[in-house]
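Database features (Swiss-Prot):
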- 1-64: region 'Domain I' (REGION)
- 65-139: region 'Domain II' (REGION)
- 139-143: region 'Flexible linker' (REGION)
- 144-193: region 'Domain III' (REGION)
Amino acid sequence: MIGRIAGTLLEKNPPRILVDCNGVGYEVDVPMSTFYNLPHTGEKVVLLTQLIVREDAHLLYGFLTPQERSTFRELLKITGVGARMALAVLSGMSVAELSQAVTLQDAARLTRVPGIGKKTAERLLLELKGKLGADLGPLAGAASPSDHAADILNALLALGYSEKEALAAIKNVPAGTGVSEGIKLSLKALSKA
């Protein structure tokens, strides 16, 4: 298996790039999150890769971070999700945004990704629950309401609020807020609504 590729970036045609490694050019498909952070053509590039071997082709997918690659691998384990759809998910949202959507069970966020319908989004949420964990790093940079969003959500649901109301209230809770403080802030937001 090819786990990493380092060389000179020769071409950039989204979502495919061409990387020269000692005279051999490798075509690598990358998510748009990786594509936008690539160096200019002619410069050195290092990518973590995932090789997919099919009956008719050997396809190489590249990622700048270990979190992107491990998320790609988790997506491939889901029934009905192939490499193209997994790449589309990572192109349409960051790993942190996907992790947040799974934590909050936000199917609407996933359906904004081209090619993901309601049923597929629900299947992704169901099968990814509890799998996007510590190896994906913190949700920093995402619009994450809180590190304890799931606990806060469950508390609000137990208090009788609808999921829609609870999710709207949680979005106002800053990252790093504890559960009890997050519940207080959410209840304050709900009382103003």
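The count begins at 1 with the first shown residue.
From the backbone N, Cα and C atoms, a Cβ is placed for every residue, glycine too.
Helix, strand and coil residue tallies for the region 'Domain III' (144-193), in that order: 32 helix, 0 strand, 18 coil [DSSP]. On the 0 to 100 pLDDT scale, the region 'Domain III' (144-193) averages 78 in this prediction.
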